[in-house]
Every structure is written in C-alpha cells, then in structure tokens.
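Peer 1: Sharing a structure, written as structure tokens. Questions coming.
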Amino acid sequence: MFSTILLQLIILFLPTQLGLHFWPEFSRAAGIKVDYLSPTLYFIDILIASFVLLNLQSVVGWLKHNLTPVLIFLVFALLNTYFSVSPLNSLSWWTHLTLYIIFFLVLRLRMVSWANIRASLLASTFLIIILEIVQFVNQSSVGGIFYWLGERAFTSSTPGLARLYFLGNNFVRAPSIFSHPNSLAGYLMIVYYLFHKYRAPLWQRLVIFLGILLTFSKAVLLAFLLIISLHVSPVFLIWFFLVLSLLQPFVTMIPTAIQFISDRIFLLTLAKDIVLSSPIFGVGLGGFIPSLVHYLPGSFLLSEKLQPVHNLLLLLLSEIGLLGFGILLLLIRLDYKKNRYQKILTLIAIVIITGAFDHYWWTLPQNRLILLLSGAVLL
C-alpha cells in the first residue's frame with residue numbers, strides 16, 4: 001500500500017527540481033562553479049530511494065538471477081571512474097545513474113502500467129503547463145511555492161534567457177519549473193506520446209500540445225511533425241539522426257553571425273577532439289566539462305560557456321567511450337526480445353531526433369526520469 005502511494009508521489013514530483021546542491025572542489029571547472037558538476041540530492045531521489053528499499057527483496061532476487069549483466073555493468077562503471085578525468089565527479093554521476101536504473105528495474109518488476117500512472121502524470125503535467133502559460137503571459141516567474149518546486153526567478157530583462165524574436169518583439173520562452181524550455185519541451189513530448197499511444201481524450205492531448213508549442217523548441221516540434229503528424233518510420237528516423245549526429249562536427253565551417261549557434265558549432269569540434277582523446281573508456285561520466293577546459297580558449301572560460309555539447313551521441317561517446325557503447329549493445333543483446341523492443345522504437349526515435357540538437361536526456365534528472373518511466377510502462 002505504502003509503495004503504491006510512494007509511486008504516485010514520485011510521478012507527481014517527477015518534473016520538480018527541489019534539491020540540495022553541494023559544491024566540492026570537483027564541482028568546479030577552471031575555478032568556476034558549474035551546475036552540471038554539482039552533486040545534488042533531489043527530493044525526488046529520496047522518494048525513489050524509499051520506493052526501491054520497499055521493493056528491495058524483488059530487486060535482490062532479480063540480481064541473483066542476472067549476475068552476468070550486473071557484473072559487466074559494475075566492472076565498466078569502476079573502469080570508467082578509474083580512467084575518468086574527474087574520478088570523484090564520475091563516482092557521483094554513477095551513483096545517481098545506478099539509483100535511476102534500479103528504479104527502472106523496480107517499475108518493470110512491479111509491472112507498472114499506464115493505468116497506474118495516468119492520473120498522477122496528468123495532474124503534474126497540467127500543473128507545469130499552467131505555470132508555463134502564466135510565465136509566458138507575464139514574461140516573468142511566478143515565485144512563491146513554485147520556487148521550491150524548481151522555478152528560477154526571472155523577468156523579461158534577465159540576461160542569458162532563451163528568447164523568441166518574432167515580428168520585432170522579444171519574448172522570454174517560459175521554462176516552467178525546468179532549467180530550460182527545451183528540456184521542458186522534451187519532457188512534454190514524451191508525455192504527449194504516452195497520452196497519444198494510449199488514446200487519451202483529445203482535450204488532454206491538446207493541452208499538452210499547447211505546452212509543447214509555447215516552448216518554441218524547434219527540435220521537439222520537428223520530432224512531433226515527423227513522428228505524430230507524418231508517421232515516418234521510427235527505424236528510419238533513428239538511423240538518419242544518428243548519422244546526422246555523427247556528421248555534425250564536420251560541418252563546423254558553416255559561418256554564422258548568431259552567437260549561441262556559433263558557440264554550439266565550436267563545441268561540436270571540441271567534442272570530437274575529446275572523443276578522440278579517450279576513445280575506449282571515455283573521459284568518465286560527467287567528465288565532458290572538466291575535459292572541455294583543456295581545449296577552450298580563455299575567452300570561453302565563463303560559467304555560461306561551460307556546458308555539455310548539444311549532441312547526445314557525441315556526449316555519450318566522449319563520456320563512456322566505444323567500450324561503453326559496446327557493453328550497452330551487449331546488455332541489450334543478452335535481454336533482447338524483438339517484440340519488446342518494437343514497443344519502444346518510437347520512444348527511441350524521439351530521443352535520437354531531439355538528442356541530435358541537445359543533451360538534456362543525459363544531463364537533467366527530469367528528462368532521464370520521464371524517459372525511464374515511459375520505457376518501463378511501454379515495455
């Protein structure tokens with residue numbers, strides 16, 4: 001009973017960012033505090049850990065019958081941490097990732113279904129969309145309790161925000177309680193796909209689509225067009241955007257006068273160099289930014305410049321290397337059932353399309369958790 005209540009609380013708090021940040025020495029790059037490197041204990045982590053502990057017996061039973069993949073995972077995690085450019089940072093990342101993987105395992109073992117999560121997911125999604133609408137209309141944050149849920153204080157004049165330039169007007173793109181509107185868009189895209197697949201009422205899907213529209217995320221709108229509207233084959237989309245992701249560092253000679261695009265293109269070139277610097281083991285989980293400082297000119301050593309490359313495939317290759325990718329494919333092969341993986345091809349396509357232009361599926365907890373939750377339900 002208590003386990004069921006905890007699951008509903010987890011889903012309700014899934015999009016929130018309430019957490020306690022720590023700032024040890026390894027959370028700095030070139031002496032600069034970097035959010036991505038700060039070990040953080042989120043409120044939802046406490047809920048997830050409690051949920052796992054209540055289901056520990058079933059987890060231990062599964063581990064006993066699956067020692068081979070567990071040992072492969074643990075050995076690689078140790079090697080990746082040992083060879084990391086920032087071992088303590090990688091250890092922090094592996095700890096968080098392991099908790100989320102065990103959470104996914106518990107969801108699978110409990111055979112959590114769409115019916116189990118629908119109401120709570122609808123409630124939490126509508127809440128963040130309502131906040132997004134209010135932020136967009138007011139062009140400022142709301143504050144109050146939403147600050148504690150993860151909303152960042154801003155006004156229309158706050159520098160460094162994602163903006164929309166339309167007909168001579170300058171609008172702040174509302175992030176709701178997410179760190180960026182693109183991250184919000186990716187989250188809502190997964191939620192929309194679940195409501196679409198399980199034939200939820202049209203009005204619910206329209207509200208979620210409105211939330212996606214108000215993020216003005218080009219990558220997510222592209223994914224929506226290709227997958228939901230045009231019904232393009234997920235397999236084709238996966239391969240096409242994987243190839244596109246790999247080719248991006250080789251189109252860096254395209255000139256641009258837009259600063260943030262220029263910065264992203266520059267990081268793509270450096271990402272290629274970081275991948276080649278440690279192609280087998282990678283630079284360690286969470287090691288991209290600590291590696292990046294060795295390649296950046298002095299003018300780039302600013303907090304807003306120190307961020308992961310906006311290319312999921314290159315980011316993964318840089319942090320876990322070819323060996324990590326090979327082990328991932330091996331673990332999938334050990335558990336491969338064609339009918340099972342057919343169910344999540346569209347989910348994978350969404351991640352690959354949007355991941356060709358951003359990193360939030362790997363770096364932000366809300367996006368990782370909605371991905372794991374949806375994967376567990378679909379499988």
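From the backbone N, Cα and C atoms, a Cβ is placed for every residue, glycine too.
When I checked TrEMBL for this same protein, it listed these features:
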- 35-54: transmembrane segment (TRANSMEM)
- 66-85: transmembrane segment (TRANSMEM)
- 91-109: transmembrane segment (TRANSMEM)
- 121-149: transmembrane segment (TRANSMEM)
- 177-195: transmembrane segment (TRANSMEM)
- 207-230: transmembrane segment (TRANSMEM)
- 236-262: transmembrane segment (TRANSMEM)
- 274-293: transmembrane segment (TRANSMEM)
- 313-332: transmembrane segment (TRANSMEM)
- 344-362: transmembrane segment (TRANSMEM)
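Looking at the shown structure, what environment does each listed feature sit in?
Peer 2: Listed by sequence, the residues of this chain that lie at least six past the ends of the transmembrane segment (66-85) yet keep a Cβ under 8 A from its Cβ atoms are 91, 94, 98, 278, 281-285, 287, 290-291, 319-321, 323-324, 327, 330-331, 334-335.
Residues of the same chain lying 6 or more positions beyond the ends of the transmembrane segment (121-149) and with a Cβ under 8 Å from any Cβ of it are 11-18, 155-156, 171-178, 184, 188, 191, 194-195, 204, 207-208, 210-211, 214-215.
Here the transmembrane segment (274-293) has Cβ contacts under 8 Å with residues 26, 29-30, 34, 36-37, 79-81, 83-87, 89-90, 92-94, 97, 267, 301, 306-309, 314-315, 317-324 of the same chain, all six or more residues outside its ends.
Long-range neighbours of the transmembrane segment (344-362) within the same chain, counting only residues 6 or more positions beyond its ends whose Cβ lies under 8 Å from a Cβ of the stretch, are 180, 182-183, 185-186, 189-190, 193, 197, 218-220, 222-223, 226-227, 234-235, 237-238, 241-242, 244-245, 248, 307-313, 315-316, 368, 371, 374-375, 378-379.
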Peer 1: Which listed stretch (91-109, 177-195, 313-332) has the most C-beta pairs under 8 A with the transmembrane segment (207-230)?
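Peer 2: Ranked by Cβ pairs under 8 Å, first place goes to 177-195.
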Peer 1: Could you tell me what the rest of the chain brings near the transmembrane segment (313-332), counting residues at least six beyond its ends with Cβ under 8 Å?
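Peer 2: Residues packing against the transmembrane segment (313-332) from afar: 69, 72-73, 76, 79-80, 242, 245-246, 248-249, 268, 271-272, 274-275, 278-288, 291, 341, 352, 355-356, 359, 362-363.
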Peer 1: Taking a Cβ cut-off under 8 Å, which residues six or more beyond the ends of the transmembrane segment (177-195) line up next to it in the same chain?
Peer 2: 15-17, 35, 114, 121-122, 125, 128-129, 131-132, 146, 149-152, 162, 204-205, 208-209, 211-212, 215-217, 219-221, 223-224, 227-228, 346-347, 350, 354, 358, 360-361, 364, 366-367, 370-371, 374, 377-378
